[in-house]
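Asks: Input: one structure, supplied below.
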Amino acid sequence: MLKLFSAFRKNKIWDFNGGIHPPEMKTQSNGTPLRQVPLAQRFVIPLKQHIGAEGELCVSVGDKVLRGQPLTRGRGKMLPVHAPTSGTVTAIAPHSTAHPSALAELSVIIDADGEDCWIPRDGWADYRTRSREELIERIHQFGVAGLGGAGFPTGVKLQGGGDKIETLIINAAECEPYITADDRLMQDCAAQLVEGIRILAHILQPREILIGIEDNKPQAISMLRAVLADSNDISLRVIPTKYPSGGAKQLTYILTGKQVPHGGRSSDIGVLMQNVGTAYAVKRAVIDGEPITERVVTLTGEAIARPGNVWARLGTPVRHLLNDARFCPSADQMVIMGGPLMGFTLPWLDVPVVKITNCLLAPSANELGEPQEEQSCIRCSACADACPADLLPQQLYWFSKGQQHDKATTHNIADCIECGACAWVCPSNIPLVQYFRQEKAEIAAIRQEEKRAAEAKARFEARQARLEREKAARLERHKSAAVQPAAKDKDAIAAALARVKEKQAQATQPIVIKAGERPDNSAIIAAREARKAQARAKQAELQQTNDAATVADPRKTAVEAAIARAKARKLEQQQANAEPEEQVDPRKAAIEAAIARAKARKLEQQQANAEPEEQVDPRKAAVEAAIARAKARKLEQQQANAVPEEQVDPRKAAVEAAIARAKARKLEQQQTNAEPEEQVDPRKAAVAAAIARAQAKKAAQQKVVNED
């Protein structure tokens, strides 16, 4: 009974929810064998043809390359690309690639030499003697990636499976309309394909190997059954035709009844899936020693006069392939890379063929039908019924259109396989897949930005923590240094303490005066002088405080100073224009100048020490001060311009000038030390000073007249 149940379960086929049955349109291209396409003159090889980062360049402009020669190095998840033919590297520059927006990616441009020479090839026909790691590394370095459309590096996928893979599934469903690349490959290369499957099984050591193929490929089914006639380790499962049965999650459920968990991978349930084209590429890499330089591409559509499947070299321009298939474009011709449901329209035809290019569809106007205008959603739920991932496309549409990223994520938009079934059945002609692609791209960009922000925050916090640790370490070092001084510092501290103790001991000793000697009062005298100096400093401080309290009007002072300067300039000009016969006694002039300066200083000090209520006009004071200075300069100039016959003893003149300056200083000090109650009226003082200057001037003129 258990054996019967196991046999029943072994051949059981499950069915997934949703799905559609569009017109297959496969007979246009699957009836002719695979053929080679003549070499193009120029090849454009993008460095990134897979999921992951691009490899490191190992060629330069001007290098000669052979077919199969690595153009980049593959390290980690970086998959290398290889030269599709022999020729010369003419440029390494960005070039538009197979993308809906024709985004430019760094590419190696090779001009073919027409010889198509291979590099030396080293095949491993005895691959069973090689270790698992060696085989995975060879597959990776030979550039093998998933050829079913995802482009995930095969070596990385095999390495990630490890020892937990129980079921190896070979995806031969090829469910999308028009595409027949896998169908034709299975018809023409079934034996090589099975050999590649055995290499994968040798690496993974699964418990069972399943080939899932739709029942609309009878010739391919017959070829595989013929090759597997003597094999018991590989099971061929024929499944009903339904779109999208070729989806990874859908085919896994159809063949095993297991569902891949949300956000997980098929390896989490012990399943690993590979495409038939990938298995064939593994065989050529391991046994033949040939890196992946070409793949099968379907050329179909009513605008192509010679449809079929061809071996297309990677990097071949799409235009070259279409011209070889006798492309007859119409006025508004559209060319789709991929199928009609999951493919995208090419913006121009000079983009190159890459590893994930499986079909070039050039439909006519009759095939496409009239373009339908997008209308409002009528909430019919037809999209939800057709969704094979059990999602709610209607809700995802509203969330995507309203930029509600959180709600779209909550409704598992990441599980959308972009099969296009919802858009196919939508009566309002809403391009739902386009909305979902854009929403997923925006969510990915937001997460990438959040990741960068989190990394920046982590770096900032790490830096702050490091600075705090360094600061704490410095403080700890300073504390340690303060607590434990060095030997040199200890000696200095001990010497200072000894000196202090010695001084204290001397201070406590009694003063002894010997007979016949005078006591040493130098310390007492020095202390008394210090106290006097301190008292004088305090008195000066107090005087400065009192002076600051009595502030004159600064505007009046400035005006008086300006008037004084003007009068002084006038006197200097008069002195310069005076007649030579008016000679002045230089000694008397010097004495008078000193007296005038002393009076001027006395007047300024009296003005500064005046009470606040007795304000002096600063303009008058400044004018008088300037007049006094001008008279002093005039007398000094007269002394300098004296006639030679009236020579003056310089020593006497210097003595007299010094006496005059001393008297002036004495007068200033007396004014400064005057009692506060003996205040002088600044106006009276200014008048007296002016009278004194006038009398001095008159006396000087009278003396000159008498001498004449």
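Placed from the backbone N, Cα and C atoms, the Cβ positions cover glycine too.
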Asks: Among Cys189, Cys328, Cys419, Cys426, which is the one Swiss-Prot gives for the [4Fe-4S] cluster 1 site where Cys377, Cys380, Cys383 also bind?
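Replies: Between Cys189, Cys328, Cys419, Cys426, Swiss-Prot records just one in the [4Fe-4S] cluster 1 site with Cys377, Cys380, Cys383, namely Cys426.
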Asks: With the cut-off set at 10 Å between Cβ atoms, which of these binding-site residues ends up with the most neighbours? Options: Cys377, Cys419, Cys426.
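Replies: Buried the deepest by this measure is Cys419.
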Asks: Could you check which of the binding-site residues Cys416, Cys419, Cys422 is the closest Cα neighbour of Cys383 ([4Fe-4S] cluster 1 binding site)?
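Replies: That would be Cys422, nearest by Cα distance.
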Asks: Taking only same-chain residues 6+ apart in sequence, whose CB is under 8 Å from that of Cys387 ([4Fe-4S] cluster 2 binding site), what do you get?
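Replies: Those within reach of Cys387 ([4Fe-4S] cluster 2 binding site), by Cβ under 8 Å and sequence separation of 6 or more, are Asn17, Gly18, Pro393, Ala421, Cys422.
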Asks: Check the binding-site residues Cys383, Cys416, Cys422 for other C-beta atoms within 10 angstroms of each C-beta and report the one with the most.
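Replies: Max Cβ neighbours within 10 Å, all protein chains included: Cys422.
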Asks: Using a 10 Å radius around its CB, how many other CB atoms surround Cys380 ([4Fe-4S] cluster 1 binding site)?
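Replies: Taking every protein chain into account, the count is 13.
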Asks: Helix, strand or coil for Cys387 ([4Fe-4S] cluster 2 binding site)? Use DSSP.
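Replies: In the DSSP reduction, Cys387 ([4Fe-4S] cluster 2 binding site) maps to coil.
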Asks: To the nearest Å, how far is the Cα of Cys416 ([4Fe-4S] cluster 2 binding site) from the Cα of Cys380 ([4Fe-4S] cluster 1 binding site)?
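Replies: Computed Cα spacing between Cys416 ([4Fe-4S] cluster 2 binding site) and Cys380 ([4Fe-4S] cluster 1 binding site) is 20 Å.
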Asks: What other residues of the same chain, not counting Cys387, Cys416, Cys419, Cys422, have a CB atom within 8 A of the CB centroid of the [4Fe-4S] cluster 2 site?
Replies: Gly18, Cys383, Ala386, Pro388, Ala389, Leu391, Pro393, Ile417, Glu418, Gly420, Ala421, Leu432, Val433, Phe436
Asks: Would you kindly give the Cα-Cα distance separating Cys419 ([4Fe-4S] cluster 2 binding site) and Cys377 ([4Fe-4S] cluster 1 binding site), rounded to the nearest Å?
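Replies: Distance (Cα to Cα, whole Å): 20 Å.
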